[in-house]
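*Asks:* The following feature annotations were taken from TrEMBL:
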type	residues	note
COMPBIAS	18-43	compositional bias 'Polar residues'
REGION	18-52	region 'Disordered'
REPEAT	110-151	repeat 'WD'
REPEAT	344-381	repeat 'WD'
Amino acid sequence: MPSASPVSQLLESDSWNSLKDLRSPSQASQALSRTTSFSSNVSDTDDRPRRRSEPAYSFVGMHCIFDQCKAMVTVIKFGHMSSDLLAYGATDGSLTVCSVSMPPSVIKQLTGHSKDVTDFDFSTNNQYIASSSMDKTVRVWDISRGLCIRVIYGVSSQLCIRFHPVNNNFLSAGNAKKEINVFNFSTGRTISTTVVDGEVTAMDHDHTGQFIFCGDSQGCIYTVSMNSHTGALSRTHRNRSSSKHRSAVTTVEYRTFSLLARGPVLLTFTRDGSLSFFSISLEMKGYLTLRCSLKLAPRLHSIRASFCPLLSLEKGEYIVAGSEDANVYFYDLTRPKNTCVNKLQGHGYPVIGIAWNHGENLLASSDFGGTVIVWKRAKTA
């Protein structure tokens, strides 16, 4: 099996136009009050950093590259609370588990899916991976043995999946039949089902496991309450897309705290390029309030976005996203103008997946051609 190819010398931040330029972002504007909401429209490449660089978001170069996959890498994630365990799934049905500790290496190649891997998730102890696929199955893998220990067969494509954050015996999966199903990890049996208005394309749990936030093929975002003991589901809220053209949600990501909202928040991203940032009222059964949004160029592929690490009270709300032009872009949602604060260049194909490690010193990105690049952040004082 081909091993990872670490870059021997880290690239220095130099010229904006150089091929693998890693220029640091400018200072963010002051965080907005929790009652402020606004939107902005930009293309991916409209903005350039113009102010003094912000050291906290400097990148010193590539930590390592994994290039043995020859199919589009659709989803990439670090292990739960892990700084070095990385996995990614591809359109050829493969799942690859790696270590990014020096020297980087491929740990296991998990094969069994016959079509695209659409999503996967690590168990809290990182012993198992649960994956969903266009082949209509959910598979559970024992990472250490490299074996599939359970297959759950469906009647439609399985599009997204999550382990319950508190009770790892529950698996939640969204499918093309507009269903969210909760499965028993031990038996594979369906415990509960709820139906939404479109294909369930992305999901995430809150940290307590009381709610599932999911997006559908029509651009709607749903809050679904979940009983952590029985697995029972019930829909509580729906947030309709304001766009005239319905566009599939590619990213739903929960964060326990945001400086902008002073509480839990949700990030969503759709294929028409709409980034939305919601505050969450857990007291009101997961009610979502739109705080700010950003309109980027439409995507041809199911490109994902992610929150960036928190900086300080004076900084903005940063988001990182892939793009069709093969760059990784960083945006500050608190800026009405000049929202793009940094970009990373190095991929040769559209960038699909994005993931931070637990230590937030490494950022992994995957592309249409099958390459995974792990970028190293500069150390801050």
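Using the three backbone atoms N, Cα and C, a Cβ is placed for every residue, glycine included.
Any TrEMBL annotation is an automated prediction that lacks curation.
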*Asks:* So what pLDDT does the repeat 'WD' (110-151) average out to?
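*Replies:* A mean pLDDT of 97 is what the predicted model shows over the repeat 'WD' (110-151).
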*Asks:* What are the DSSP helix, strand and coil residue counts for the repeat 'WD' (344-381)?
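*Replies:* Once the DSSP states are binned, the repeat 'WD' (344-381) shows 0 helix, 20 strand, 18 coil.
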*Asks:* Take the repeat 'WD' (110-151) and count its residues per DSSP category (helix H/G/I, strand E/B, coil), listing them in that order.
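*Replies:* Counting residues per DSSP class in the repeat 'WD' (110-151), I get 0 helix, 24 strand, 18 coil.
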